[in-house]
Amino acid sequence: MSHPLWLIVPAAGQGKRMGADKPKQYLPLGEKPILAHTLSRLHRAFPAAHLVLCLDSDDRWFNPEWVPFAQWQRVTGGAERMDSVLNALHAINAQEDDMVMVHDVARPCVTSSDLLTLYHAAQQHPSGALLAMPVADTMKRANAEQLSAATESRDRLWHALTPQSFRYALLRRALEHAVTGQCVVTDEASAVEALGHAPRLISGRRDNLKVTHPDDLALAAAIMASQVAQASDSAQSSESAQFSESKRSC
Ligand SMILES: Nc1ccn([C@@H]2O[C@H](COP(=O)(O)OP(=O)(O)OP(=O)(O)O)[C@@H](O)[C@H]2O)c(=O)n1
Ligand SMILES: C[C@](O)(CO)[C@H](O)COP(=O)(O)O
């Protein structure tokens with residue numbers, strides 16, 4: 001029997017790099033805010049999952065109407081992303097082997113196919129798995145004057161994305177270990193690695209953008225529009241395939 005899935009969405013950040021008048025997860029992308037897009041994408045892939053949403057204690061913008069899940073709870077975020085995720089792990093009544101998947105609210109372009117691929121990989125790998133992207137550019141090491149002091153090897157270098165997914169007990173132990181050691185980790189995989197585990201890297205789509213800077217808003221809107229167009233093209237081509245199939249069988 002498969003274990004329940006707990007979806008943790010850290011959404012307690014301030015969006016300082018975005019520099020807007022509200023946290024970036026509440027900025028509109030088309031008709032709805034980023035947070036609503038992200039939750040809707042997660043729900044499409046995992047309609048029966050239990051959502052845990054980490055929100056800042058002073059959040060004035062959240063609207064529960066944006067949550068499409070039947071089972072969900074709100075928890076208070078912490079000072080760092082890792083504290084928000086650990087608060088969520090402490091708040092839920094999960095079994096040791098339950099699957100937990102953590103996804104940034106700021107990544108609204110994630111696709112169902114990447115979500116499902118990651119979920120299956122994490123179920124099979126005892127150390128968990130994360131979406132990631134092999135580095136595509138030449139990598140430079142700057143000196144203090146922002147001069148290009150060296151070129152780093154790209155060999156086996158990946159960008160970490162989200163979601164990242166692990167068994168509940170492992171992730172909780174890893175984040176508690178990081179917090180106790182006063183070590184700030186920026187993703188779950190770093191905490192798990194610090195326990196000596198090696199999560200599996202799953203090559204994800206390059207358009208799983210983390211909305212971080214002002215320019216990213218237009219980019220995310222363009223990505224979403226192109227994903228919708230691609231989905232409608234493939235629906236049309238599957239309809240026309242069915243049509244030619246039915247003509248053949250007449
Ligand atoms: N204390 C924190 C900090 C961040 N996050 C969440 O972690 C994710 C990744 O963080 P980032 O993109 O850095 O978001 P912000 O912290 O909001 O951005 P900034 O660093 O520019 O302030 C986001 O979904 C953010 O809401 C969180 O839940 N709790
Ligand atoms: C978790 C993450 O999205 C992986 O890329 C990232 O580390 C979090 O973003 P931050 O900018 O480091 O807070």
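Any Cβ shown, glycine's included, is placed from N, Cα and C.
Keep in mind the model is a prediction, meaning the values are calculated, not measured.
Copied over from TrEMBL:
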type: SITE; residues: R17; note: site 'Transition state stabilizer'
type: SITE; residues: K24; note: site 'Transition state stabilizer'
type: SITE; residues: R154; note: site 'Positions MEP for the nucleophilic attack'
type: SITE; residues: K210; note: site 'Positions MEP for the nucleophilic attack'
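Feature map: TrEMBL annotations on the structure.
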residue: R17; record: site 'Transition state stabilizer'; CB count, 10 Å: 13
residue: K24; record: site 'Transition state stabilizer'; CB count, 10 Å: 26
residue: R154; record: site 'Positions MEP for the nucleophilic attack'; CB count, 10 Å: 13
residue: K210; record: site 'Positions MEP for the nucleophilic attack'; CB count, 10 Å: 17
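When the Cα atoms are compared, K210 (site 'Positions MEP for the nucleophilic attack') and K24 (site 'Transition state stabilizer') turn out to be 11 Å apart.
R154 (site 'Positions MEP for the nucleophilic attack') sits 27 Å from R17 (site 'Transition state stabilizer'), taking the C-alpha atoms as the reference points. In this structure the C-alpha atoms belonging to R17 (site 'Transition state stabilizer') and K24 (site 'Transition state stabilizer') are separated by 9 Å.
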